[in-house]
Amino acid sequence: MKRYNAKRKTHRNLKSIKKLIPTVLALLAFVSLLAGIITLHNPKTLPFRQIKITVSSDHIKMAELKDIVVHHIQGGFFSFNASALQTALMSLPWVHDVSVRRIWPNELEIQVEEQRPIARWNQNELITQEGEIFSPPIETIPQNIPQLSGPNDSEENVLNRFQQFSQLLIPFHAAVTALSLTKRGAWSLILNGHTQIFLGRENIDQRFEQFVHLYPKIIGANINRVEHVDLRYSNGLAIQWKN
């Protein structure tokens, strides 16, 4: 009888142990996973051995980029905060876009794209072909680009007009060097840095097309002798010649 009871007790113990096995295995798996996560987030795990910064720029200093990168390299391949570095680099006024890429097992590749302004906007800002306005240090603003100006929130309209007028003038080798929109909605532009064109507030497309049509016939090679052209008349235009 005692032997029978001992067998039953042993059998119960084995069943209890078997029931615990899945729990123990799950616990071991969790501990292993936790240890792996801790290891991956350890800054000493797979630290970067090579950092490559690529930038084609006249206004972004490599030394400034390196300072920001060094400040944000606080982790290894897995723990490194790429988003924080990208945000920091994007805060530089001349930076248009930033790409941060990790290359296994210990390389970091950073590509920085510079803003490409096509004109100056109002006083101390620049505008890109996509209509993005940014404010770089005044001393870095190029002096040989067109000047666009207009009221707040008019930059898209002014930029579209600038591109439209510039395209129409290509056959005549004339360039729009300034374009202005007043608060009252009046348009004027300057060609080749010296000849002013007044378009007024109404029928802008019609008036400019009239100017383009008459340009080779009346102005053409004499553009340097023209002070201004006034297209604000319902029938015709007025030309002021230089003395």
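Note that Cβ sites are derived from N, Cα and C of the backbone, with glycine treated the same way.
Here the structure is a predicted model, which means the values were calculated and not measured.
Swiss-Prot lists 46-115 with the feature domain 'POTRA'. Marked as topological domain 'Cytoplasmic' by Swiss-Prot on the basis of sequence analysis: 1-19. Swiss-Prot lists 41-243 with the feature topological domain 'Periplasmic', giving sequence analysis as the kind of evidence. Per Swiss-Prot, transmembrane segment is recorded for 20-40, and the stated evidence type is sequence analysis.
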For the domain 'POTRA' (46-115), give the DSSP counts of helix residues, strand residues and coil residues. 20 helix, 23 strand, 27 coil
Please compute the mean pLDDT of the model over the domain 'POTRA' (46-115). 89
